[in-house]
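Below is one structure, written out as C-alpha cells; comments come after it.
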Amino acid sequence: MSDRRQNSGSNARPARAPRPQQSVQPARLVAYEVIAAVRESDAYANLLLPSRIQRARLNSADAALATELTYGTLRMQGFYDKVIELVADRTVDKIDPAVLDVLRLGAHQLLATRVATHAAVNESVALASQVASRSATGFTNGVLRTISRSSLEEWRGWVQDETEGADEKLAVLHSHPAWVVRALRTALEAEGRGSELEQLLEADNAAPKVNLAALPGLVDATDAAALGDANRFSPIGFELSGGDPLGVTDRFGGAVRVQDEGSQLAALALSRAEPVRPGERWLDLCAGPGGKAALLAAEARLSEATLIANELVPARAGLVRNAIAGVPGDVPVWELDGTTIGAAHPAEFDRILLDAPCTGLGALRRRPEARWRKSPGDVAELSVLQGKLFDAAFQALKPGGILAYVTCSPHLGETLGAVNGAVARWGDALEQLPTRDILDGIAANPLDIGGNGLTAQLWPHRHGTDAMFIALFRKH
Ligand SMILES: C[S@@+](CC[C@H](N)C(=O)[O-])C[C@H]1O[C@@H](n2cnc3c(N)ncnc32)[C@H](O)[C@@H]1O
C-alpha cells in the first residue's frame, strides 16, 4: 500500500467523527438526495434538482451550491471512483452504494470546490451517519481525510499511473466512459481535429451557460438586447446575464426560451436554408419537448408557412403544446409513430425537421449522469430507428423539399454513418445541400466547421454549443 492510502480504509484508525446528531447543511442534503435518486431510480438530475431545491426552500446561494455539488459530482464520478478505489484499496462495487455516494460528494468538495476541508469531511461524516450505518462514519472519515491530504494534481498523477491505455487514461482523468472517449476521438479525427480531444472532454465537464432564444417576430429588439450578451453565432440567441431563467421566460410569455445556441442554429438551418414561399407546409417529425418546434413555429408565422409538430410519446407531445403556446397561431401536434408518416402522408411537406432520437452524447454538459447510462449497444439500436425515421421523412417530403437531419450526438454511427446510409438507399433522389455554407449565411460569425461542407458538426469546445450535427438534403 502506498503512502497516499495510509490511514484511509476501514482498518485505519478513524479521526474523531462528528456527533451523530450533527445536522447536514440543506444544500448538501439536496445534492445527496438527487445523486442517490439518480443511482437508485434512474432519476434525471436536471429534472429532479429544481423540485428538491424548491421543497427544501433553499435561498439562491444554497441553490447554486446544491446545483454545483450535484452536477459536479455526477459528471466527475468516474474520476472520483478511481481515487476512492486507490484510497480504500477495494473496488467501488465493494462499497455500500449510499456510502459511495457520500464519498463521491465529499471527494468533489475536497478536490474541485473551495469548501473548507473540515466542512467537507465533517458534513460528509454526518451525512454517512444519516444515510448509512454508524459504522460507515469511520470509513467515510478515513477515506476523505486521506483524499484531503493531497492535491487534485497529485491524485490525477496517481490515477493516471494506475490506468493502462491512452484512451483509458483520458477516460478516467476526464471522467468519461472509455468507449465514449474513443467515439469522440473518431469523430474529431474525421475532421482532422483529433488533437482537440482533451479540450472537448474538458468542455463536457464545464457547466454550460444559460442561453436564451428570443423568438423571431415576438420580441422587441430592445427587450431582446436587455436579456444579455448576444450569442457569437445564433442571430436570435443571448447569454442570460443573471437572474432566474424561469422568471425571464415567464415575463415574455414563452416568446423567450431557454435554448442551446446549437439547437437554435439547427432549427434556423431548416427555416432559413432558402427563402420561404407563402403557404409552405413544414413538419417537425420528432418534436418533443418542443424547443425547436417553438422556434420553427415563430419562423413559419413570419413567412406565412404552416407547421405541424409530431411526437410519439404523449407526455412529450404535451410538452410540445406548452412550448408552442407562446407563439400565436395554430400548430397541430400529432402523436404518431414517425416511422409511419411517410406512408400516411407521402410528398406532403416542403420542409421537415428530423431531430432524431439519439444517444445525446453531444449534450453531456447539461445531462451530467447521461454518460454513465449509455452503451455502444444504444448506438446500434438508435441507428436502425434513425434510418427508418429518415426514410419516412424523405417519403413525406415533396419533390424539391428540404429535410434537416439533426442529432445531439457527434457519434459517427449517428451522424456521417446515418448520412452515408441514406445516400446509399436513396441515390440520385437525395441531394446533399451545402450545410456549412448555409449555416455560415445564418450565423452572426463564421463557424469554422470541419469536414467536406455537406454536413456540419458543432462542438462544445469550439463553438460553446452542444455537439449538434446538422445535415440538409433536397429531394428530387
Ligand atoms: C432529440 S428529441 C427531439 C428534441 C426536440 N426537437 C426539441 O428541440 O425539443 C427526439 C424525440 O423523438 C421522439 N421519438 C422517438 N421515437 C419516435 C418516433 N418513432 N416517432 C416520433 N417521435 C419519436 C422522442 O420521444 C423525443 O422526444
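Glycine is no exception: its Cβ is also placed from the backbone N, Cα and C atoms.
The secondary structure of CYS408 (active site, nucleophile), as reduced to three states from DSSP, is coil rather than helix or strand. Non-local neighbourhood of CYS408 (active site, nucleophile): GLY262, SER263, ASP355, CYS358, GLY360, GLY362, ALA363, ASP466, ALA467, MET468, PHE469, each in the same chain, at least six residues away, with C-beta under 8 Å from its C-beta. Annotation source TrEMBL lists active site, nucleophile at CYS408.
Residues annotated as S-adenosyl-L-methionine binding site in TrEMBL: CYS286, ALA287, GLY288, PRO289, GLY290, GLY291, LYS292, GLU311, ASP337, ASP355. Taken residue by residue with DSSP, LYS292 (S-adenosyl-L-methionine binding site) is part of a helix.
Summarising the annotation, TrEMBL assigns domain 'SAM-dependent MTase RsmB/NOP-type' to 184-476.
Look at TrEMBL and you will find 1-24 tagged as region 'Disordered'.
The maximal spread of the S-adenosyl-L-methionine binding site, taken as the longest Cα to Cα distance among CYS286, ALA287, GLY288, PRO289, GLY290, GLY291, LYS292, GLU311, ASP337, ASP355, is 19 Å. Sequence-distant contacts of GLY290 (S-adenosyl-L-methionine binding site), defined by Cβ-Cβ distance under 8 angstroms and a gap of at least six in the same chain, are ALA309, GLU311, LEU319, VAL320, ARG321, ASN322, ALA323, ILE324.
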